[in-house]
Amino acid sequence: MGLKVSSSMFVQSSVFKYVWLFLFDQQYFWITASLVVLGDAILTQLIMWFVPYTEIDWETYMVHIDLYLKGERDYVNITGPTGPLVYPAGHVHIHRLLHLITDAGRNVARAQQIYGGLYVLSITLVCAIYKKAKVPNWTLLLLPLSKRLHSIFVLRLFNDCWSLIFVQAAILAFQSAWDDVGILLFSLALSVKMSAILYLPGLLVILFKRHGLFTTIRHMLVLACTQTLLARSFLISNAKSYLQNAFDLSRVFLYKWTVNWRFVDERTFLSPAWAKGLLLSHVTVLIAFGLFRWCRGDGGVAKVLQRGFRRPGLPAGLAPVDPDYVATVLVTSNLIGIIFARSLHYQFYSWYSQQLPLLTQRTRFPFIMQMALIGAIEYAWNVYPSTPFSSGLLLTANLVTLLGVWFGYPEGKMFSRRSNSNRSQVSQKKVSQKE
């Protein structure tokens, strides 16, 4: 009897030990990640098997490609059941390939499998980003829990998924200091959907600090040249039409589809004054983060700018631009843009859904509050149609998360640990000198 009890306790102890290692030990990160990715891949297949597909934009994408294949290159003349072509050239090139693989879009099941693979790739990239940012292993368990994100990928087939993949790959490249690769990947993301531009302010800070003025300008030129090369045929046909449709910053979205401003009346929502107010707020908050949060480890933004313009060929920053800093600044820049977006549609949740665990962990909020914020945001994105309450909840949760980052770890937790270590060393030296 005693031997059985002892064996049982040993087994329980061993199981608890390995569960603890899988959840908290960074050496076991990729084992946990592999299990999460495998489990989510199975879940995604079950969703495709049991939940019916809903047609929204896929048919329109394919009609656009039909017109493109017939020789049309003027964006004004490329239109479909749900509207005209309003995405950059990268979207067209990707969906031209999908048009070929899926029998002109008729084989939806095959398209779903492609997007299912895309979803699994996305989860894998997020795991890699989190690993470099030294996010706790248990955080990965949160990634498969979004009902809306699965729907966006495999039940709706939105083009946002492709932009997301390129953005995630770009973030990983920038974390690895492969900035030449990163800027090409970021340009591909921007060529699929203009929403990727929300990362640009944070990216400029990273590049300027890491390389200085000249290299930052070179990267921006690469970005512009890539866009031009991808859109060459459309620019030759009608450059004005292409730029106005693919990169229309003044586009007015329908009030009935908005997720974030339902508590505002339609007249206000559609007014130019409201749009200008949101843009001003967006720019103001970005400037505030740039001035007071993203350059603290370098002596402040004035010192960074001074070094950058005085010696433009050298790095403008002093503190290391580590992987945690890169991820934190980029996803914060993205969140700021999302908060002040004129309208958010349901597929736009993919822009930051997988970033929420990282964002909440860059606050000083207790664990329960972090989970409550993620849950509130997920809930709001799953209310259809949106209500004043769900929109208000979404805005509140997004703003609280951003404020949490402001007062938490806006430059990442690695920066905070280095700062604490440096202060500790200074204190020890002072004590030694007194002795």
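Using the three backbone atoms N, Cα and C, a Cβ is placed for every residue, glycine included.
Between the stretches 230-249, 390-409, TrEMBL puts its transmembrane segment entry on 390-409. Against the transmembrane segment (325-344), the recorded stretches 28-51, 153-177, 277-294, 365-384, 390-409 differ in Cβ pairs under 8 Å, and the greatest number is found for 277-294.
Within its own chain, the transmembrane segment (277-294) has Cβ neighbours under 8 Å at 201-202, 205, 301, 329, 332-333, 336-337, 339-342, 402, 406, 410-411, counting only residues six or more beyond its boundaries. Within the same chain, the transmembrane segment (153-177) stays apart from the transmembrane segment (365-384): fewer than three Cβ pairs sit under 8 Å, each pair at least 6 residues apart.
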